[in-house]
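A.B. asks: The structure's right below; bear with me while I get my questions together.
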Amino acid sequence: MTETTSPHAETSPSTMGASFAFLKTHLREYGILFALIAIMLFFQVATGGILLKPVNLTNLILQNSYIVIMAIGMLMVIVCGHIDLSVGSVLGFVGALAAVMIVNWGVPWLLAGVICLGVGAVIGAAQGFWIAYFRIPSFIVTLAGMLVFKGLTLWLLEGQSVGPFPAQFRLISSGFVPDLLGGAEMNLFSLLIGIAVASLILGLAIRTRRQEQTRGINDEPFAFFAVKNALIFAALVYMSWLMADFRGLPNVFIVMALLIAVYSFVTSRTTFGRRIYAIGGNEKAASLSGINSQRLTFLTFANMGMLAALAGLVFAARLNTATPKAGIAFELDVIAAVFIGGASMSGGVGTVVGAVIGAFIMGVMNNGMSILGIGIDWQQVIKGLVLLAAVIFDVMNKKKG
Amino acid sequence: MPILEMRGITKEFPGVKALDNVNLSVEEGEIHALVGENGAGKSTLMKVLSGVYPHGSYEGDILFDGAVKAFHSIRDSERDGIIIIHQELALVPLLSVGENIFLGNERARGGVIDWHETNHRAKDLLERVGLHERPETIVDDLGLGKQQLVEIAKALSKNVRLLILDEPTSSLNETDSQKLLDLLLEFKAKGITSILISHKLNEISRVADTITVLRDGSTVSRLDCEGGISEDDIIRDMVGRSLEDRYPPRAPRIGETVMEVRNWTVHHPLHPERKVVDNVSFHVRKGEVLGIAGLMGAGRTELAMSLFGRSYGRDISGEALIGGQPADLSTVRRAVNAGLAYATEDRKTFGLVLDQTIRRNIPLAKLEAVARNGVVDSHREAEVAETYRDRLNIKSSSIEQEVVNLSGGNQQKVVLSKWLFADPDILILDEPTRGIDVGAKFEIYTVIRDLAASGKAIIVISSEMPELLGITDRLYVMNEGRFVGEMPTAEASQERIMSTIIKTGQAA
Ligand SMILES: Nc1ncnc2c1ncn2[C@@H]1O[C@H](COP(=O)(O)OP(=O)(O)OP(=O)(O)O)[C@@H](O)[C@H]1O
Ligand SMILES: [Mg+2]
């Protein structure tokens, strides 16, 4: 057998040169993260420091939470080789359903929330059923779904806005983690959570690196590893400090963080996740390997429906009212986020973290451009171009490799 | 003066030096064979030549007709008359033969296709390659052998001076292969130069004038075939040592019947009135290597796939027993659970998740075995992948290499690894050595033998009769959907198999 050494394995692992060489070969993985940082720095300067003001940062997260939540589900749908155009309408429909149940019928908000999640899952499952078992193209099924649920939202709300919601329900979106430690100046408890999470991520990274090194499959230079993780650690702590300085970590932030953690794990480490990537990569080969691609596709759509419903609750709670306009064109932002995050149109490629970063790139641009007073017209143009640029970058990079 | 000279070609991929200072010199009007083990760099060299890897992405010089060339794309090389037919066919399945022949080179006036001219010229070209089909026929309806001829007709339409064929016969049956080689000889008589890549050394010694042998990305030797050359000579240069036997010695210990299939009938998925498999009955025993011989298109793959979770066909009827009990083979999962496995002949479409790594592909059919409570243990997974990479000698930079970047033969080994890891009782191997070099073939035969020795039942479908004769214990002969003969391998010969086929049918 011929052992071929990889070019970066030969170079001394601690030099700058090695770090750059490594970066060059892995540009695709880190490019998107750098893009986010660059965009944030740009707007931080351009807005004269407003972007990272505690109140704005908190707002940014609240504004983007529902996109992030849906992007996670969409990532799995796209990895599986499909698309879901109905998520915006489903978000609107579920918000309307929640409003009608809670405000008009007086159903307890917790119960209503659970029912809504269930309804979302059923909607996703119904669409997934046709896609998985009857092989109707997802584009068409979910396009139909988009129209259907847009219509049903109007019908349910009778064209009116319904609200307001009870205060407890609103806490989903507008609540903050209470300060159990009673800090006077800032939300100490929130800061502590931030530090704990950052440490956890750091610990996990170190553990993984050790494991991989013992197996000899890690070729990341130490300098690179150290700088990268130090930056991530610092960024997380800094952000939680900023937010703690305002009112603490928003509740949605915790929800989002949990979802990101859980779904990252599911997609990268479980047999379920592995199989989805295999189906998206080559469905025939996956089926002939005994993978039940129909059931997994079905489940992926059911999951997407449920996450869209969760996003619908978050959105309704944030607006404190359900309107017939809610969710319109959200699917475009969600899909754009996933592709900016490095997923491939043909399936089989993409990561949850990438999709989340993609969502934040969109979010930071929206927010930054609004602060700068750029009109909605040019915002759209710029966002479209960024999407195009991100995907071109991805494709060129892949060709080169 | 040579028509083509490649000097000091070096091509690197991240982590792999695929070509290292390779020299190739081809005389005008000859058939030049390029041989070497899987992953030796044959396909890569031809991709460099034809501009798939553009000028600048490799080192070294290409001289064509004595002039230095810098091809930036396939179009550039085609303009000079260098036409490559790739290892994997590149026809559009749902377009007609005529449309495919002139794809990208349409017979058109002012952008409007001239169908009369297209079909007329296509007809001429089809005649030149000896294919008697109408130009309007949809490519998908043709067998692989005929599709290959369409590719060649397409090459002829482009005013070819140097024709490159990358393993053209690897998926053809004996008769079609012969036809194709005759065609090459005919072209030679007309002054067309060709480069032929093949693992079938008997073909090479039959038609080649000169042979260049590559090993691990370097030129090892250039053999002149005038005055005859023996396959053993070629092999010695290819693998760097002489190979005593082509087939490992065996001492079969055959036990009781593990699987029995009765009256198995399968209809065509699109034309339900057509029986693709017609009332087939057979059995296979523990420790036995069973062969299914037949021509391409006899229905062997369809038989195997219909058994394996009904992955092919409709209106399937018949009975399958495993261990004496009726077995539920209605889905792939159930078939796998019942102890059956099927390694496909079409690795790219049905066998591999191309964009994923070796590590991800190998455990795919039995992911549970490397997982605990649904969570994949990446340690175990890597161990498994390493084990099979060593065992089958998969040439790659590491288990983290994406299978799309492996050479054809090494991809085949990944497919085999996947099913070896799934550890079935009955393993159906469909053309297991297609596109695999002689040395690696021997390794795979050894794996098959050892599996049988450990009590597994192995069913080998192959179009290479010497291979079936060399490694099986018993043979069925299949023709036009039916089993038309059964014989112990000890009593079989190529002639006997062929005459069984011919006697029973309208074999082509
Ligand atoms: N795009 C690529 N990226 C990385 N490595 C590659 C790429 N293409 C080919 N290789 C590597 O280059 C080497 C030569 O491959 P090549 O396909 O030329 O072999 P081959 O001689 O045609 O083998 P086979 O007989 O199996 O078809 C192999 O080790 C392969 O893994
Ligand atoms: Mg090849």
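Placed from the backbone N, Cα and C atoms, the Cβ positions cover glycine too.
The structure displayed is predicted, hence computed values, not measured ones.
The transmembrane segment annotation in TrEMBL covers A:30-51, A:57-78, A:85-103, A:109-132, A:139-157, A:188-206, A:222-242, A:248-266, A:296-317, A:337-364, A:371-393.
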A.B. asks: What stretch, picked from A:30-51, A:109-132, A:188-206, A:248-266, has the most CB pairs under 8 A with the transmembrane segment (A:371-393)?
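C.D. replies: So the stretch in question is A:30-51.
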A.B. asks: Which residues, given as numbers and ranges, are at least 6 beyond the ends of the transmembrane segment (A:337-364) yet have a Cβ under 8 Å from it?
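C.D. replies: Same-chain contacts beyond the flanks: 28-29, 32-33, 35-36, 39-40, 43, 51, 60, 63-64, 67-68, 71-72, 74-75, 78-82, 260, 263-264, 267-268, 277-282, 383, 386-387, 390-391, 394.
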A.B. asks: Give me the stretch from A:109-132, A:188-206, A:222-242 with the greatest number of Cβ pairs under 8 Å to the transmembrane segment (A:139-157).
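C.D. replies: So the stretch in question is A:109-132.
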A.B. asks: Going through A:85-103, A:109-132, A:222-242, A:248-266 one by one, which has the most CB pairs that fall under 8 Å from the transmembrane segment (A:57-78)?
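C.D. replies: The stretch with the most close Cβ contacts to the transmembrane segment (A:57-78) is A:248-266.
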A.B. asks: So which residues does the transmembrane segment (A:248-266) touch in its own chain, when a touch means Cβ under 8 Å and the partner is 6 or more beyond its ends?
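C.D. replies: Sequence-distant neighbours of the transmembrane segment (A:248-266): 58, 61-62, 65, 68-69, 72, 75-76, 171-179, 187, 189-190, 193-194, 197, 240, 272-273, 307, 310, 314, 351-353, 356.
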A.B. asks: Taking contact to mean 3 or more CB pairs closer than 8 A (sequence separation of 6 or more), are the transmembrane segment (A:296-317) and the transmembrane segment (A:85-103) in contact?
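C.D. replies: Result for the transmembrane segment (A:296-317) with the transmembrane segment (A:85-103) is yes.
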A.B. asks: Which residues of the chain, 6 or more past the ends of the transmembrane segment (A:188-206), have a CB below 8 A from one of its CBs?
C.D. replies: 176-182, 225, 229, 232-233, 236-237, 239-241, 243-244, 248-249, 254, 257
